[in-house]
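**Q** I have a structure here, written as structure tokens, and I will follow up with some questions on it.
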Amino acid sequence: MHELGVVIGVVNKVIQVAESNQLQSVDTIVLQIGQLSSMIPSYIQACYPAAVDGTMLEQTKLEIEILPANAMCKACHQVFNIIENRSQCPHCEGDDWGLLSGKEFIIKEIIAQ
Amino acid sequence: MDTFKTLEIKESVFENNNIQADLLRDELKQEKVFLLNLMSSPGSGKTTTLVRTIETLKDEMNIGIMEADIDSDVDAHTIAQTGTRVIQLHTGGMCHLDADMTRQGLSGLNIDKLDLAILENVGNLVCPAEFDTGASKNAMILSVPEGDDKPLKYPLMFSIVDVLLINKIDAIGFFDFDLEAVIHRARKLNPNITIIPISAKTGEGIGEWADWLRNQTRLWNQS
């Protein structure tokens, strides 16, 4: 359970932010997860209740935004999704590209009272 | 009516681990302790390779070993028989070690007077590659029976390690294992990777591996 340890890290960070901003309660946590990150969104959702159990975030909702695995082709400079195109540029079939996004695992924001 | 506000955090969750890892690396540098993070699949021969490595180097440097496993202490027992300082870390179900757990392990090992500390990470080619432990260098073992397609299946692991040991090379005649293909695939992912074929059983290649460790430890203590 690779996700659980990481989600506990998220929960601790959010509690720290909530305390330092003197928030009474947190309504929603918004995460951004890249398609190439090793985190699987459904597993994150599944272990989230265990991670917040007994904390001030027990009633908090979790929202996840997925960031695409986009790369720019070094030959024709088109942007394409490397998962959907099996790491090959669909425009010129080049396989030399630079990754633009997809490895992120970010706490984007919290919505709180 | 409740009033809600949005607080932007925009913080990478891995960032904290990366900061902790850099901090640990700096401290190890000050203490002149070279930490090697050794990764591989279960059953590739990590512990047997470590025993060979200890036998080769124990008269010239002080070595400490951290064994990380989800459960059991069989590996720590095997290492303890060599007379080397060893500590068993239980990850409690976690599939990898992070910088914090590595720090806890090192404090349990007592790094005073150590020259070389080796972390035997949890047997797994996926998650350990994602988390910086704070090690000076990263190594992995691929054993011949696992097959020559592993760099294709687990590219991240092959792209982050400094050295790849290809173990059980004495058994290559029994398997359809194309050594040249592995070397080609690994170098495509990681042009600077050092590749050393070894047999922890017969001792083949262990001399070259020990030289790599001696050299890296010397460089770590110099710069």
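Even glycines carry a Cβ here, placed using N, Cα and C.
Got these off TrEMBL a minute ago, pasting:
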type	residues	note
BINDING	A:His2	Ni(2+) binding site
BINDING	A:Cys73, A:Cys76, A:Cys89, A:Cys92	Zn(2+) binding site
**Q** Taking the Cα atoms as reference points, how far is A:His2 (Ni(2+) binding site) from A:Cys89 (Zn(2+) binding site) in Å?
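**A** Per the Cα atoms, A:His2 (Ni(2+) binding site) and A:Cys89 (Zn(2+) binding site) stand 32 Å apart.
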**Q** Taking Cβ atoms only, which of the binding-site residues A:His2, A:Cys73, A:Cys76, A:Cys89 fall under 8 Å from chain B?
**A** A:His2
**Q** Around the recorded Zn(2+) site, report the further residues of that chain (criterion: Cβ within 8 Å of the mean position of the Cβ atoms of A:Cys73, A:Cys76, A:Cys89, A:Cys92; site residues excluded), sequence-ordered.
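**A** For the Zn(2+) site, the extra neighbours are A:Lys74, A:Ala75, A:His77, A:Gln78, A:Phe80, A:Pro90, A:His91, A:Glu93, A:Gly94, A:Trp97.
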**Q** Using Cβ-Cβ distances, find the residues under 8 Å from A:Cys76 (Zn(2+) binding site) that belong to the same chain and are at least 6 apart in sequence, listing them in sequence order.
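**A** Looking at Cβ-Cβ distances below 8 Å from A:Cys76 (Zn(2+) binding site), excluding near sequence neighbours, one finds A:Cys89, A:His91, A:Cys92, A:Gly94.
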**Q** Identify, in sequence order, the residues in the chain of A:Cys73 (Zn(2+) binding site) that are 6 or more apart from it along the sequence and have a CB within less than 8 Å of its CB; answer 'none' if there are none.
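**A** Expected: A:Val79, A:Phe80, A:Cys89, A:His91, A:Cys92, A:Gly94, A:Asp96, A:Trp97.
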**Q** Indicate the candidate from A:Cys89, A:Cys92 with the smallest number of other Cβ atoms within 10 Å of its Cβ, considering only these binding-site residues.
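**A** Relative to the other binding-site residues in A:Cys89, A:Cys92, A:Cys92 has the fewest Cβ atoms within 10 Å.
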